[in-house]
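These features come from Swiss-Prot:
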- 1-9: topological domain 'Cytoplasmic' (TOPO_DOM)
- 10-26: transmembrane segment (TRANSMEM)
- 27-44: topological domain 'Periplasmic' (TOPO_DOM)
- Cys36-Cys39: disulfide bond (DISULFID)
- 45-61: transmembrane segment (TRANSMEM)
- 62-67: topological domain 'Cytoplasmic' (TOPO_DOM)
- 68-85: transmembrane segment (TRANSMEM)
- 86-140: topological domain 'Periplasmic' (TOPO_DOM)
- Cys100-Cys126: disulfide bond (DISULFID)
- 141-159: transmembrane segment (TRANSMEM)
- 160-168: topological domain 'Cytoplasmic' (TOPO_DOM)
Amino acid sequence: MSLACLRSFFLPALLASTAVLVASFHLESVVGLVPCALCFSQRLMLGVYALVCLAALVHSPAARGRRAYAGLALASAFGGALLAGRHVWLQGDPQVVDGCHLPVEQVLQRPLGEILQMFLLGSPDCVSISWSFLDLTLPEWSLLAFLLLAAMPLSWLVAYRFRKRAMA
């Protein structure tokens, strides 16, 4: 497969993930939304997705490497979708999370296990709905973005599989 065909998948994926990251930082710095623990986790997964796409663009691997990069991109998008789905679920049932909200500075002084638990399972501030657009909350938009980003490598992997079978 030519370099142009490889870039036709990874370049739009990189641009889309970068656009979503820029939008999330815009909502924080300009609009004034304060991100919760799950929002930070979703940003991390989005950054991993963008870095995988950037590495694939720079590296220009052979067939096995393209599949590996597409698999890594799919895994990071799937992980982000799981986190966003958890966030949507928490907002749908606010009784699930209890406790009090701690500033990030205090959270980082806690043991690593508690930090990971908070960033993966959510914290009490994750249940508040502070912004919506077209009747979708920010975690719902995030879930939609991750599902669309996951469709890119998934469609490439499925098409690769069918091309490989057709050639055999």
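In case you wondered, yes, glycine gets a Cβ from its N, Cα and C as well.
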Range from 45-61, 68-85, 141-159 with most C-beta pairs under 8 A to the transmembrane segment (10-26): 45-61
Neighbour count (Cβ, 10 Å) for Cys36 (disulfide bond): 24
Counts by DSSP class (helix H/G/I, strand E/B, coil) across the topological domain 'Cytoplasmic' (62-67): 5 helix, 0 strand, 1 coil
